Amino acid sequence: MRITAFLDIPGQDNLSPLARLEKYAFSDNIFNRQIIARGLLDVFRDFSNNEEDFLTVMEIVVRLSEDAEPTVRTELMEQIPPIAIFLQESRPKFPTAFFEYLMPIVVRYLTDVNNQVRKAGQEALLILLEQDLVAQSDIENKVCPILLDLSAPDSDDEYKVEAVNIICKMASMLSRTTVEHMLLPRFCELCSDGKLFQVRKICAANFGDICNAVGQEATERLLIPKFFELCSDSVWGMRKACAECFMAVSYTTSPEVRRSKLSPLFISLISDTCRWVRQAAFQSLGPFISTFANPSSAGLYIREDGTLSIRPSTQDVNSNSCQPNNNINLMSSSTNLLVENLNKDTRAESSDCCTNPGEDVSQLSQGDKVAAGVLEVTKDSSFPGMNSRLQSAEDIFNTFLYWRPPLPDISQDLELLQFKTEKHKDSCSVPCNNCVASSEIKKVLESLQEHIDDPDVQAQVQVLSAALRAAQFDSVGDYETKKTEESSGELQNKTISDETAVSDASCNQVEEDSLSSRASQNNISDQPTTRVLKSTDIIPQPLLDQYLSMTDPARAQTVDTEIAKHCAYSLPGVALTLGRQNWHCLKDTYETLASDVQWKVRRTLAFSIHELAVILGDQLTAADLVPIFNGFLKDLDEVRIGVLKHLYDFLKLLHADKRREYLYQLQEFVVTDNSRNWRFRYELAEQLILILELYNPNDVYDYLRHIALTLCSDKVSEVRWISFKLVGDLVHFLFYANNANALGLNFINELVVRFRHCSKWVGRQAFAFICQAVVEEECMPVDQFVEHLLPSLLSLASDPVPNVRVLLAKALRQTLLEKAYFKSVGNPHLEAVEETILALQSDRDQDVSFFATIKLKQGNIDNTTIEKQN
């Protein structure tokens, strides 16, 4: 019922509807005026056909807009956008009517004294701009001047805050020229507003939208300096807002500005003194890194349809390699290492990777890791197609090999280290490759004492301390090997006093390390877990170091408890940016996230593992992602659903032999932690429909057939209906595959036995639906259908359950008789079908006779509403 229906009551006050409208519009009763304002759209629909009446209504609206009651003006303004849309669709002279009568009301309400009226006017303006109903001349001559006046330095604070808010929101709806010439200068002034921090905060929160509206040139010339000011604002809320919009700002700048200016600025935000700023910065770190992405340099390319695909191996170049101790030859992105070269290079690198005394501190961590016993192909030996971490036999029992922070208790190792160091201090003649590393790490730890009160990076300094101990341990390793026989006897003959002296030295060392652990570290690239990029032309190394540190347990305590989830969410974008040749930088981080104790983190990875597989390519996927994928298959249902939803997308990227290994594991998806989680089984059926094409007919028949039949007997009807479609597709696959006709016949015979002769009526009803699906989708040759399925289908006419006969009637009337084969004259099977139809038309059940008689216009396989109720 229309709001203004009371205007149509005949004989009321002996007034015409238009006169009655004017009477109530200017009534002394506020409620009457509100009703008129609220029902203006219906009024325009009633009077828009007559030009004179239409103009009279417009004049009433103008007068009503000047009502002294704010609620009336608010109600009126809320009706302006739908009225404008209606007039545009129905009035040929819409521009004249709108610009002359309605637009001035919107502009006037932007400066209304009532807050609610102004809010309504601002919302109406945004809707009109979004619908492109405001002329460019009105924007430049009416709207923008009002907003510039309201946002002037001497304007009222409340008006200024509202004006800057509406300026930021409408910037994306206006032309670039209008924004750059009329609004951008004022926006830059507002970014430096020293009076109201609310104004600066709105500017910071919408900075990305303004950058996108004005383009790269104006952003770099005018906005980037203002962005630097906001990022160093004394109010932490401003810095937090800048961190949140950092990706949008970076997206509109050139690679040079992004690298040289924005990257250092982001590092300052991520090490901000305020926890909330650091939290927002870490959440934006992955998206910011993704703005550096270049699919071509990452070993990928974009197809014409817009999808991301792996670059052919002949185009993949592993550039910018600069390792001095690696003789690995790369033929392409997918070339494998020869075993003999691999072993040779591993031995060379494990012995020489720390021998360069000129290596800077940022790369010492890599050498320290090797000194601690972790052998891996560092820096440039990781490349597309190769990412295995290599270990020699003598490193198997090293305690540093399998542990990450928090570190295990190594006090006993430390005592032994100190003991041996004192013993051989004067006679050691073996060159120590880690002397430089140890001294440099000590210098770094000493320089960190000035940040001793910062609680943010204590865990990181603990890692540095461990690296120092590991370097010292390795420095005497060669001497120990050479003098094992000589020293073994002496160690057994040590006195109790010597052990006490060693214990005192050990305690002193532990106290020093404890003091260092309270210091902070601003440059996380000094961690021994840092991965070094092959080419610094991709992203700055400090950004990658900060991203890798997001899995540090200390981050969860000092920054954000869900920081690992944010790291997992943005990991595919970071991987795309770095490219397959730098996957070694992310491999450990990905494995850490995949084993995170929070199931939400693992769930995030499970939902994106198929995208990461596309980025990495088949070889890296098989080596690094398949084990994690297998772990997700055995995880909680909340994690498994992420794998299941993209099961086809992941399996199709694997080689046929690797893909075949998952045939048996697919049956595990039928079992869930909660049997009521039927949507899990529904998703499994949908994925199996897609997966059929990935396997040969024998595998489909041996493995997938059992799953499909199990799902057809599910307790939930939704699962059964999608499973019937799966069975139809399976029949089609077996009958039309090469040399698989025998398998198709065996499957048809099994369907007859399992469903047609089922003791439960639900199974017999399922048989009718499967037959209907087979005919509808032409899943098997029609001659095979009439020979093997049609007799069993027609026999359902004598089924005692009406629900079975109803579906039989629909299958015959709506599907079979619509096919050309059954319409042909002289068809030997047509007579049997028609006899069954006649029998069903005289069925004692009304629903059966109805569907056997009436052919629904929309009758098709998808219309199963009645059956689903059963």
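Each Cβ is built from the backbone N, Cα and C atoms, and glycine gets one as well.
A TrEMBL annotation is a machine prediction, not a hand-curated record.
Positions annotated as compositional bias 'Polar residues' by TrEMBL: 489-509 (among others).
According to TrEMBL, the feature compositional bias 'Polar residues' maps to 516-531 (among others).
The domain 'Putative WW-binding' feature in TrEMBL is assigned to 397-435.
Annotation comment: TrEMBL describes 478-531 as region 'Disordered'.
Look at TrEMBL and you will find 183-222 (among others) tagged as repeat 'HEAT'. The repeat 'HEAT' (183-222): residue composition by secondary structure is 33 helix, 0 strand, 7 coil, according to DSSP.
Counting residues 6+ beyond its ends, the repeat 'HEAT' (789-812) has Cβ neighbours under 8 Å at 748, 751-752, 756, 761, 764-765, 767-769, 771-772, 774-775, 829, 832-833, 836-837, 839-840, 843, 845, 847-848, 851-852, 859, 866-867, 870 in the same chain. Per TrEMBL, the feature repeat 'HEAT' maps to 789-812 (among others).
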Treating G and I as helix alongside H, and B as strand alongside E, what does DSSP give for the repeat 'HEAT' (789-812) in helix, strand and coil? 20 helix, 0 strand, 4 coil
As a test of reading the model: what is the averaged pLDDT for the repeat 'HEAT' (789-812)? 91
